[in-house]
């Protein structure tokens, strides 16, 4: 409970914002348009994925399973959080009036963490899958690859949900954020707030860093095979180039959208003197920066499906005609196998 002398739940902090200021900041039309575009983009990507998964190889089916999990996560994230935010912007209700017990705030905090961290963890899982598929093509049974991919997606969801539930167990707190239309982790100086903020930002940052490292090795391996001595006979298949292009696009989008928010959270909870006063108040500058970084991060849910839609072979062939003229039945796996045998 914040020392504000009221009987409100622990999710309410002093924000000192007027109704007129909320109307200027919280536009229901912008929020609704943002959600509609995002939901339509993810539905389009899911429909394209449904067609692409028919008749594909085991390796490609495994990768498409991860993509399906990623797009589904983005779609559900926009649907759940968008419903709450658009409703608040349209009605301009006072959060403490409709949710004095903080149940809705805690729910939104959990889903914000869950749907924020899941795409980053899925990106790292996809990078690991492609790294093993390119550098160790025969290290895992192909028949079980799709089943294992779904199991990995489920494990990622479970890990993200477990992290999101920590504030309900006393590690960190979820509070209503400026301008009073959403809930997120608390950027306070208490040990639980600091630990939870650092854990979220570090897991997200490590996921992006791992994706960058593994994707760099995978691309370097593909380039080595492409320009090797046997390049004329054994080049990467179109599907392998397509998957790496999509994965690199997902990594770039995640880095641009999420790293600013993750760095801001870590810097704010470690700030000395603390950014939050003992009464639970942040400076208006800090509150606005958090809102801006959060809005940038939410663009990840719109851009992810378009990475898959635009980086398909049908589009890549228009940009690089050589993809449609060279043999498509050859793979880089024989050359990688030959190299490993020589070692």
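The backbone N, Cα and C atoms fix where each Cβ goes, glycine too.
Taken from Swiss-Prot, the feature topological domain 'Extracellular' applies to 1-29, 88-106, 173-193, 271-289, supported by sequence analysis. The N-linked glycosylation site annotation in Swiss-Prot covers 4, 16. Under the heading transmembrane segment, Swiss-Prot lists 30-52, 67-87, 107-128, 150-172, 194-219, 247-270, 290-311, citing sequence analysis as support. What Swiss-Prot lists as topological domain 'Cytoplasmic' is 53-66, 129-149, 220-246, 312-343, and the listing cites sequence analysis. Positions annotated as disulfide bond by Swiss-Prot, on the basis of sequence analysis: 105-183. The phosphoserine annotation in Swiss-Prot covers 329, 331.
Here the Cα atom of residue 105 (disulfide bond) is found 19 Å from that of residue 16 (N-linked glycosylation site).
The 10 Å shell around the Cβ of residue 16 (N-linked glycosylation site) contains 9 further Cβ atoms across the protein chains shown. Within its own chain, the topological domain 'Extracellular' (88-106) has Cβ neighbours under 8 Å at 8-12, 19, 22-23, 26-28, 31-32, 167-168, 174-176, 180-183, counting only residues six or more beyond its boundaries. With a cut-off of 8 Å on Cβ pairs spaced 6 or more residues apart, the transmembrane segment (290-311) and the transmembrane segment (194-219) reach fewer than 3 such pairs and are scored as not touching. If you look at the transmembrane segment (247-270) against the transmembrane segment (150-172), you find fewer than three C-beta pairs under 8 angstroms, all six or more positions apart, and that falls short of contact. At the 8 Å Cβ cutoff, the transmembrane segment (67-87) and the transmembrane segment (194-219) share fewer than 3 close pairs (sequence separation 6 or more) and do not count as touching. Sequence-distant neighbours of the transmembrane segment (107-128) (same chain, 6+ residues past either end, Cβ-Cβ under 8 Å): 63, 66-67, 69-70, 73-74, 76-77, 80-81, 84, 152-153, 156-157, 159-161, 163-165, 167-168, 174, 182-185, 200, 203-204, 206-208, 210-211, 214-215, 218, 247, 250-251, 254, 258, 297, 300-301, 304. Distant neighbours of the topological domain 'Extracellular' (271-289): 2-4, 13-16, 175, 177-178, 186-189, 264; these residues of the same chain sit at least 6 beyond its ends, with a Cβ under 8 Å from one of its Cβ atoms. Across the topological domain 'Cytoplasmic' (53-66), mean pLDDT in this model comes to 70. Through the fold, the topological domain 'Extracellular' (173-193) approaches residues 10-13, 15, 17, 21-22, 25-26, 81, 84-85, 88-89, 94-96, 102, 104-106, 108-110, 112-113, 167, 200, 265, 268-269, 274-276, 280, 282, 284, 286-288, 290-291, 294 of its own chain, all at least 6 residues removed from its boundaries and within a Cβ separation under 8 Å. Mapped onto three states, the DSSP output places residue 105 (disulfide bond) in helix.
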